[in-house]
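**Q** Have a look at this one before I ask anything.
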């Protein structure tokens with residue numbers, strides 16, 4: 001019956017029956033161990049596996065490779081892979097399954113370095129490997145982003161004369177694209193005789209990852225038979241390259257053609273809505289999840305929180321956040337950052353406290369959110385306290401973004417000399433962002449002397465930094481130092497620094513309208529200008 005329940009994926013019943021079996025004094029055999037291990041792994045019940053492991057030792061199955069492989073598979077699926085490795089190391093003899101399961105366990109756990117080390121140990125012991133091992137080790141290299149190691153491993157695999165099938169070639173393309181070599185990825189793609197849809201999708205993703213959205217689109221148009229992953233690969237390529245408008249147009253095209261978007265495509269579309277400020281479309285996508293019976297995972301839900309935050313709908317963002325059953329650190333960080341930017345410092349810290357109660361350890365980004373919240377609220381003592389606790393209580397070394405937040409905090413309150421002193425005494429080497437925070441504060445408070453120093457430091461690091469020139473020029477103009485303004489403008493012209501024109505967008509009935517400073521190419525500009533003129537007059541009259 002345990003076997004029947006396992007095959008029908010009734011894993012809870014399998015485990016319940018196993019426990020009943022033990023209570024009645026019946027002894028499990030090698031088949032029982034195999035199916036219960038799988039059930040425990042699928043349910044993520046580590047305690048059942050630990051109990052099972054004890055039974056294996058008590059009943060004398062500690063030399064049965066089949067039973068021990070079942071345990072390794074179970075531990076790899078639901079517990080720390082170290083448990084699986086311990087059983088593996090104690091095996092009297094290892095077969096290919098033993099090696100493969102542990103190697104894949106390392107890859108799934110993101111412990112790519114250990115996966116590669118295990119592969120080399122496998123070669124030392126002259127164990128022949130198959131395509132599953134090759135794909136796993138290529139995936140590990142992709143996680144490490146190590147191009148030299150990737151080429152070395154490809155050569156080693158080819159030396160062993162392992163025949164490359166599409167499964168392995170697709171992993172090879174993915175590995176090289178993630179290691180930053182689009183040339184190697186394309187070379188292997190072009191050499192493939194039988195390209196399947198996965199091959200095409202991998203290459204579309206590779207071009208998107210490499211920043212070449214145009215080439216991704218060309219390849220996408222050549223795919224003989226597209227699936228939903230093909231569409232999501234191109235859509236997310238657009239998002240990664242900041243082509244948010246194109247991403248939303250592609251999403252609309254998907255809908256028009258009746259293609260059901262997967263989680264990845266929906267997440268990409270929601271991210272594009274966040275950057276475009278397209279609240280109406282974002283809401284439509286959100287409401288369609290229930291209608292189309294799409295279960296929102298933590299990644300999609302987090303993107304919805306981010307979208308609502310960026311569009312200023314904090315209540316809805318908080319509601320979506322509260323509905324996430326299994327919140328991860330990214331989810332907490334996104335919500336906290338959103339609240340911080342909107343000046344909701346108390347709410348931000350409250351979420352941090354809830355996160356800590358849940359046992360999640362903060363990371364560097366968490367403290368960027370906390371310090372940003374303190375900066376926006378003007379909480380100097382609170383900010384200083386959290387900056388200290390970040391290192392003393394949580395062991396997180398300060399980074400440039402943390403120092404920048406503190407400079408914003410002190411500078412915003414007018415403590416410019418203190419902010420400058422903080423930069424000088426910090427263990428973090430000041431970058432453009434840190435000096436930029438000081439320069440912005442100097443502009444607000446009219447401190448020309450310190451503003452000039454901050455500008456000089458920025459230009460030493462980045463001579464073509466247009467923002468520094470423009471901010472300092474504005475400070476000079478505010479002080480009526482027009483000769484110096486002209487000198488700055490002349491310098492900008494000499495080195496080819498341009499004042500980047502601002503732009504904004506308005507979401508009207510699901511359509512996003514873009515407006516650029518100094519441009520008048522909007523199709524309805526003739527109707528818009530008189531309305532803007534009227535608004536300007538009303539604003540002036542109201543003071």
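Cβ coordinates come from backbone N, Cα and C, glycine included.
Unlike curated records, TrEMBL annotations are generated automatically.
The repeat 'PPR' annotation in TrEMBL covers 1-28, 95-129, 165-195, 196-226, 227-261, 328-362.
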**Q** Using DSSP, break the repeat 'PPR' (328-362) down into helix, strand and coil residues and give each count.
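**A** Each residue of the repeat 'PPR' (328-362) counted once, the result is 26 helix, 0 strand, 9 coil.
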**Q** Using DSSP, tally how many residues of the repeat 'PPR' (196-226) sit in helix, strand and coil.
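**A** Counting residues per DSSP class in the repeat 'PPR' (196-226), I get 23 helix, 0 strand, 8 coil.
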**Q** Taking all residues of the repeat 'PPR' (196-226) together, what is their mean pLDDT?
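**A** Across the repeat 'PPR' (196-226), the average pLDDT comes out at 94.
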